[in-house]
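Asker: The Zn(2+) binding site annotation in TrEMBL covers 100, 103, 140, 143. The feature Fe cation binding site is assigned by TrEMBL to 132.
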Ligand code: ZN
Ligand code: MN
């Protein structure tokens, strides 16, 4: 499924919507293309800002409603984080995410789904488990670099200040 080109995936999406009796509008097409191309897991607001030039009459609410529709058709995923704005993902294959606690960036983390955790939950609780969520948090490479540079700068400054005495 992930081996398909962008065009092929969009063609598939058109078919999927057709089966559900939903028309692929230019806005839906643009939103889905944007989500399939980006790896940034944008919010509805970010998608709106990226496409506003091309669709001047489009509102954030329109983007959100289209995302909801695409989600219901199984074409996009919604990533919810408590009371923070949802982020959207066009990658439908099983994968995990790692989130930067400094800048909020989310990256894909490809790893085989850990079904054993569902089996264990089933064994320990008697639930018939269906799925699981796992979130990894940390500091992204760009923020690590910035922190390292800030540290170096602080050291240089401290050294320079020390030399003044
Ligand atoms: Zn970061
Ligand atoms: Mn993802």
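Each Cβ is built from the backbone N, Cα and C atoms, and glycine gets one as well.
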Asker: Report the binding-site residues (100, 103, 132, 140, 143) that meet this criterion: Cβ distance to the nearest atom of ligand 1 under 6 Å. Use sequence order and write none if nothing qualifies.
Answerer: 100, 103, 140, 143
Asker: Hey, how far is the residue listed as 'Fe cation binding site' from residue 143 (Zn(2+) binding site), Cα to Cα, in Å?
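Answerer: Checking the Cα atoms of the residue listed as 'Fe cation binding site' and residue 143 (Zn(2+) binding site) gives a distance of 29 Å.
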Asker: Provide the number of Cβ atoms within 10 Å of the Cβ of residue 132 (Fe cation binding site), excluding the reference atom itself.
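Answerer: 11, counting other Cβ atoms within 10 Å of residue 132 (Fe cation binding site).
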Asker: Taking 8 Å from the centroid of the Cβ atoms of 100, 103, 140, 143 as the cut-off, which other residues in that chain fall inside it around the Zn(2+) site?
Answerer: 101, 102, 104, 105, 139, 141, 142, 144
Asker: Based on DSSP, name the secondary structure state of residue 140 (Zn(2+) binding site): helix, strand or coil.
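Answerer: SS state of residue 140 (Zn(2+) binding site) = coil.
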